[in-house]
Amino acid sequence: MNKDKFHVIIVGGSIAGLTLAHCLHRAGISHVVLEKASEPAPQIGASVGILPNGARVLDQLQLYETIEKYIEPLETATIGYPDGFSFSSSYPKLVNERFGFPIAFLDRQKLLEILYQHYPDKSKIRLAARVISIESSAIDSEVTTEDGTIYKGHLIVGADGVHSRVRSEMWKAAQRIKPGLVTKREQRSMTVEYSCIFGISAPIKGLIVGEQVNAFFDHLTIVTIHGKNGRVYWFLIQKLDRKYIYPECPRFTAKEIGPIASDLKEVKFFKDITFGQLWDSRETASMTVLEENVFDTWYHGRMVLMGDSVHKMTPNIGQGANMAIEDAAVLSSLLSDLLQKQTQPPTNAQIERLLAQYREVRYPRVNSIYKTSRFLVRFQARDGIFNTLFGRYYAPHAGDLPADMASKTIAGGELISWMAYM
């Protein structure tokens, strides 16, 4: 069938949604993006790591060349401990040599700006379009936004983040058909044990461009990445007082961040450089809890999830955005392949088989990387006697272990199957 007769509604215009829009545009598949924010690239103080597996897909989409202008490849990482011991690792450089792309960070806002500005038809990206309900029938679905506009499509993609409206609507639809299809256990499977203050700071003397600092304290981790022109991207991760079940977890206002940060200003994370210097030179900063989970239910009917809406990791592993980019590559590849074979719009059964295949391809890889993420956040926060001793007395003498761990998550990354890759 004509691919432009099959219409995809993407809910969420962040990295996941905009990457999928680029993929669908290249495939000639009709689509629209509904983004609740009134601007395409808001500054929320966040950075984003582009690892080789995500970079390869962005390179296929001819976006990576632009991204390269705003990144500084990492070459060295320094790891420090509370007793003053530290060691350096060239694992970022080794990863670059192995995969042909570096580990690099840039402003999340800048990546969104690139994705938006390089998308050829801005009329397909609807801003200030907050979704309030989704209804599905045997042949299509309807999405209603806050202003009363109704969008009709054949597939609804939830690229709307950890607080996904599409996930909620999908669960409600599943419960109407068969109560218990999405179990209470799954609905309460996302947990929170850590908080994160994250920000971007002006250059600080002593923090060298192209280097990363990881400072491991008891139940506290400080990570800094020194990017283009010395711009410092940083995370301060702390263990909370207890384990919370989402959505019943702490929320932090802008007024609360200052006092929390002030209590940590004297903490030295690299030589004599303190967290206070990071904080005082900040351009922007925010605070959030770190949700963790991979949901079992990825799709129902004509609704499907991708990115943080279905798998949420901590930033320690740097794979969150890259997993969303891979999701876009796989989903668009499967859709393109199906529609090329069709003379009529796909039936519900065909859509269900496609979405089952999408989950079958993605779940094992995502779950494996998620487990590594869970380990890393606890390892770096010296959470428990094993992590404390392993981190201090084994890891510094383990040679290429950091590079091997990073390489394991990067290897096997997905590509857009119908696009050439050199």
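Sequential numbering from 1, following the chain as shown.
Using N, Cα and C of the backbone, Cβ positions are placed for all residues, glycine too.
Annotation note: G49 (FAD binding site) sits in a strand segment as assigned by DSSP. According to Swiss-Prot, the FAD binding site annotation covers E35, G49, R108, D308, A321, on the basis of similarity to another entry.
Taken from Swiss-Prot, the feature transmembrane segment applies to 8-24, supported by sequence analysis. Within the chain carrying the transmembrane segment (8-24), a Cβ under 8 angstroms from the stretch's Cβ atoms is held by residues 30-35, 37, 40, 48, 57-58, 61, 63, 108, 111-112, 115-116, 118-119, 124-125, 127, 131, 141, 143, 151, 153-161, 164-166, 306-309, 321, 324-325, 327-329, 331-333, 335, 416, all 6 or more beyond its ends.
Applying an 8 A CB threshold to same-chain residues 6+ apart, the list for E35 (FAD binding site) reads G12, G13, S14, G17, I125, R126, L127, A128, A129. The Cβ neighbour count for R108 (FAD binding site), using a 10 Å radius over every protein chain in view, is 23.
The Cβ neighbour count for G49 (FAD binding site), using a 10 Å radius over every protein chain in view, is 21. Under the three-state DSSP scheme, R108 (FAD binding site) falls in the helix class.
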